[in-house]
Ligand SMILES: C[S@@+](CC[C@H](N)C(=O)[O-])C[C@H]1O[C@@H](n2cnc3c(N)ncnc32)[C@H](O)[C@@H]1O
């Protein structure tokens, strides 16, 4: 009865499950509240540390300089913000934005422990409704965040609005492996090993099952490129990394 009342366009996916659109963000938040304290450790274990190389590549492509204003969107525990804070220096500003207070607090603690005190600000907000005026940032970066948003297109429009003309968008996320053999091995690892690592380390296999499923539901390289183009961004290009397991999409607002 309850299901019948929900129109098709109010259904979205949460991993492989279809769920009413209005609860997706609540379900995603629950996942990140649960995994937050083990988030950094799990990233290193699951990716054998390779996520650090992917993030470093994003930073290299960012063209961020001294004095820039940068938005680390869905920034979580702040890996990108740490690196951006060094690039923007004392005259610049990094905003670490996340809608999950547990992730955000852990990020803030991590950066403070590293002595990063002055040029990073923390904002709890939804990526689909950015609390900034238009033409604010030189650069907006999202790593492993977009996949979790309910309204990806809405968020991309918001990013376009808050970027300055000439500003750069960078999106790092999991993507589609380019070889069949790698796909088979990657599927075996993702569906059979990752939830088990989640169970042992974070006492939570379900959240890591969601992670694996959400990766499979994320738009592939070309689809995401076309989504970004449809918003009005220019010079959209992507780089496959580790055989397409992850991809970095870059674009400009002119
Ligand atoms: C996989 S973590 C990525 C964290 C960090 N960017 C990194 O690369 O390690 C995804 C983050 O996206 C955040 N998130 C999910 N949906 C969001 C939304 N609608 N608005 C803002 N943040 C969101 C989660 O709270 C979580 O911290």
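Every residue gets a Cβ built from N, Cα and C, even glycine.
In Swiss-Prot this protein carries:
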type: BINDING; residues: 77, 98, 126, 127, 143; note: S-adenosyl-L-methionine binding site
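There are 23 other CB atoms within 10 A of the CB of residue 143 (S-adenosyl-L-methionine binding site), with all protein chains counted. In sequence order, 36, 39, 40, 103, 106, 107, 110 make up the list of same-chain residues 6 or more apart from residue 77 (S-adenosyl-L-methionine binding site) whose Cβ falls under 8 Å from its Cβ.
Comment: S-adenosyl-L-methionine site residues 77, 98, 126, 127, 143; largest CA to CA distance 16 Å, whole number.
DSSP assigns residue 77 (S-adenosyl-L-methionine binding site) to coil in the three-state reduction, outside any helix or strand.
Its own atom aside, the Cβ of residue 126 (S-adenosyl-L-methionine binding site) has 18 Cβ atoms within 10 angstroms in the protein chains shown. Spatially close to residue 127 (S-adenosyl-L-methionine binding site) yet at least six residues away along the chain are 73, 74, 97, 99, 142, 145, 149, 155, 158, judged by Cβ distances under 8 angstroms. The DSSP secondary structure for residue 127 (S-adenosyl-L-methionine binding site) is coil. Around residue 98 (S-adenosyl-L-methionine binding site), the same-chain residues six or more apart in sequence whose CB sits under 8 Å from its CB are 74, 75, 76, 104, 107, 124, listed in sequence order.
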